[in-house]
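Annotated features in TrEMBL:
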BINDING   ASP34, ALA35, GLU36, TYR37, ASP38, SER83, LEU84, GLU114, ARG137, GLU176, LYS293, LYS317  NAD(+) binding site
ACT_SITE  LYS116  active site, N6-AMP-lysine intermediate
BINDING   CYS411, CYS414, CYS435  Zn(2+) binding site
DOMAIN    594-674  domain 'BRCT'
Amino acid sequence: MKQEHVVAQMRQLIQILAKHNHAYYVMDNPSISDAEYDQLFHQLKHLEEQYPEWVQSDSPTQKVGGEALTKFTTVIHTVPMLSLGNVFNFQELEAFDKRVQERLPNQKVQYDVELKLDGLAISLLYEHGVLVRGVTRGDGETGEDITQNVKTIRNLPLHLFGAGVAVPELLEVRGEVLMPKSGFEKLNRLAEEKGEKTFANPRNAAAGSLRQLDPKIAASRPLAFYAYGIAQCQPHHGLNSMSESLHWLTRLGFEIAERQWLVDSIEEVEQCYQDIMQERASLSVEIDGMVIKVDSLQQQKQLGFLSREPRWATAYKFPAQAALTIVENIEWQVGRTGIVTPVARLKPVFVGGVTVSNVTLHNIGEIHRLDVRIGDTVSVYRTGDVIPKVEKVWPEFRPEHSAMVQLPATCPVCDSPVVMPEGEALARCSGGLYCSAQRIEAIRHFVARKAMDIEGLGDRWVESLLHLNLLGNVADIYQLHQHQAQLLTIEKMGEKSVQNLLNAIEQSKETQLHRFIYALGIRGVGETTAKMLANTFQSLDALMAADLEQLKKTPDVGDITAEWIYDFFHAEHNLEVIQRLREAGIHWEAPQAPTRQPLNGESWVVTGTLASMGRDEATQRLQALGARVSGSVSSKTKCVVAGEKAGSKLDKAEKLGITVMNEDQFLQFIAQYQ
Ligand code: IVH
C-alpha cells in the first residue's frame, strides 16, 4: 500500500477512536460498546504493526506506553509557569478583592472560581492539533519533558477536535495531572494485596507515576488531566474571559474540573468556598482549596503581575492538612481476626478540618521504619476523606531516654502469647476463641447466614450476652436455654424475643457439614473452601483426622491454608468447643458423594451486572459445577463471565488473554449441565 493511503487510513481510525475516547472518559457517555471500540483499536494496531515506520505520534496505541527512557530532558517554558498568592480566610480574601478593585476603578469585576486541584501542574503543547510535548512545571522556568507519560493519560486528547471551533495552529494548555480518589484507593489496595509499597496520598501517587521513566508503568496508573488555562494560542483565540476559555477548552476535547463558578462579588466567592468545604469529600478528586481568577482577560491584562504571581488570581486554601503533635502513648488493639495493631494516641490536633487524636501505625514494621516512640513530635497528615497518618517523626524534639517500641509479648486483652510468624508483617494473638476481642467476631461469624444461620442473634444480643458472661465461646450459644431467667433481665428483651431466639438456636442444629466447617472460622477457610473440604472428606471426623498432605491435595486449599486447618484441629481448646457443639445436638446429613464435576479445580471470575441473575446466583451455579469463584483475575483464571459495565477485571482478562464469556454465552454454557 502507498504511504499516503496507509497514513490516511491510520488518521481516520485515530480520529474515530479519539471521538469515542472523549465520549467515554470525558463525557462519561460511551457512544459505542467496548467490544466495538476494541475492534477499531485492533484494526489500527494491526495497521501499525504492518507499517511501524508510519505510526502516528497521536495514536491511542501510544497510550499503553512506548519505550522506556534513561532520563528526562529539560525544557525551557516559553511562557513561565507562575505560582499563585494565598489567602486563608475571608479577611485576606476581602483584601485581595480590594487590591483588584483599586486597580480597576469604576469597573464591574466578575470572578471565575475554580477548584484548586491537588496534583501536579503540567504544560501541553499542540501543533496543528496534535500533542507534541508535555512538560512538568519544574521551577516554573524549566521543566522536564514527560511527553511519553503524558500520552498515556486516558482523558487527555492526543489530537484536538474542534467541535464547532477552529483548531489553532499552536496551542499551549496548562492544567493539573491527578489521580482520582477511586483510582488511588484501588491502586493502593492492589499494592497492599501484593505486599508492595503503598502511596501516602493521591498527589504522591500522581507524582510518582509521572516520574516513571518507563511509560508502561505510567500507563497502568489511573491518571487524569484537567485543563485550567491557556498559555499561548496562535492565531489568537479571540476569547474574552476565563470562564469562556474553559468552555472553549472542553470543545477542543479537554476535561475541566467537575465544579466551576462565575460570580459577581467576593461574598459569593466566600459562599462557594463554604459550600465546597462541605462537598469536598464527595468530589472525585482531591482539592486543597479554590482558585479565584478575575474573569475578564482584558482586566487580567490591566492587573498584570507582581514579581512571580498574577495580581488577578489567588488561591483560597483550605486549613492546613498536616500538623505537628505529640504521641502520648502507643497502644495495641486486638482486631476481630486476632491481628494485634499499634495505635498512636495523640495530643488532639486539628488537621484538615477535623480533630485527630488516634492514628493507626499499622504494624511493628511501620513503627520501626518511622522509628516513632512515645513522647515523639510527629507530623500528622490528612487528605480529604483519607484516614490520617503519621508521616514524619521529628527526632530533634525527642525527649531524652525514650525507648524503641517493642511488640508486646502477650495479648493486651487475654494475655495469650502474641506471635508473628517469620516473613509475616502482622502480629497475632494466639488466644483464638479464648480472646474476648476475637470472641465477638467469632460469634458473629458463627451465627451468620452462610454459617449456622441463627437469625436474630444480632450484635445487640451478642453484646448483652457477653456482658452477662453467658458466651465464653460459640458452644455456649447452645446452653442459653438454661439461662432464660437471666436472658429476660436484658433490657428490651421480652419473653417473646427470648423465645424467638431460643427457637432459632434450636433450628440451627440441623445444618450441613460445609456450613459447620465454615462456621468454625478457621483462618483461610471461606465458604468455597469449606465446601471443598466437606466434599473431599465427607465427614467431620475424616477432616479432623486428615494429615497435612491430604489437606494440601484438597482443591482450593493452598499449602499455608492447609497448615492453618491442621493447626486448628490440633489445638486443644478448639477440639473441646467442637465436642461440646456436637454434644449439644448439631447434626447434618452426610454430603452427597462427590460426582465428577465438570469445572473441578477451575478458577472463574464473575464481573459486571448480569440481567438474568445476581452475581451470587451465578457464583453458586459455577460452584455447583465444581468451579472456584474468585474475586480477582490472575493468570490462573480459567474464564471471566462479564456482564454489563464490566470494568477493570474485564480489561485485565483481556490483557492476560483469558477466555471471556458474555451473559448469553454463560447461560448457554451452564444450560448444558442442567
Ligand atoms: S491557575 C498563574 N488554576 O496551583 C496562575 N492553578 O500555586 C496559574 N492549581 O502550580 C495557575 N488548580 O498546579 C490554576 N484551577 C487551577 C488550579 C491551579 C490547581 C495549582 C497549579 C499551580 C498552583 C499555583
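The backbone N, Cα and C atoms fix where each Cβ goes, glycine too.
Feature map: annotations from TrEMBL on the structure.
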| residue | record | Cβ contacts under 8 Å, 6 or more apart |
| --- | --- | --- |
| GLU36 | NAD(+) binding site | none |
| ASP38 | NAD(+) binding site | GLU654 |
| LEU84 | NAD(+) binding site | VAL291, GLU309, PRO310, ALA313, THR314, ALA315 |
| LYS116 | active site, N6-AMP-lysine intermediate | ILE287, ASP288, GLY289, MET290, VAL291, ALA315, TYR316, LYS317 |
| ARG137 | NAD(+) binding site | MET81, LEU120, ALA121, ILE122, SER123, GLY143 |
| LYS293 | NAD(+) binding site | TYR111, ASP112, VAL113, GLU114, MET242, GLN300, TRP312, ALA313 |
| CYS411 | Zn(2+) binding site | VAL334, VAL340, PRO417, VAL418, CYS429, SER430, GLY431, CYS435, ALA437 |
| CYS414 | Zn(2+) binding site | VAL334, CYS429, GLY431, TYR434, CYS435, SER436, ALA437 |
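When Cβ atoms from all protein chains are considered, those within 10 Å of CYS435 (Zn(2+) binding site) total 22, not counting its own.
By the rule that a residue counts when its Cβ sits under 6 Å from some atom of ligand 1, the recorded positions ASP38, LEU84, LYS116, CYS411, CYS435 yield LEU84, LYS116. The Zn(2+) site, placed at the center of the C-beta atoms of CYS411, CYS414, CYS435, has further neighbours from the same chain whose C-beta lies within 8 angstroms: VAL334, GLY338, THR410, PRO412, VAL413, ASP415, SER416, CYS429, GLY431, TYR434, SER436, ALA437, GLN438. According to its DSSP assignment, LYS293 (NAD(+) binding site) is in a strand. Residues of the domain 'BRCT' (594-674) grouped by DSSP class, helix first, strand second and coil last, total 28 helix, 19 strand, 34 coil. Secondary structure from DSSP puts GLU36 (NAD(+) binding site) in a helix. A mean pLDDT of 85 is what the model gives for the domain 'BRCT' (594-674).
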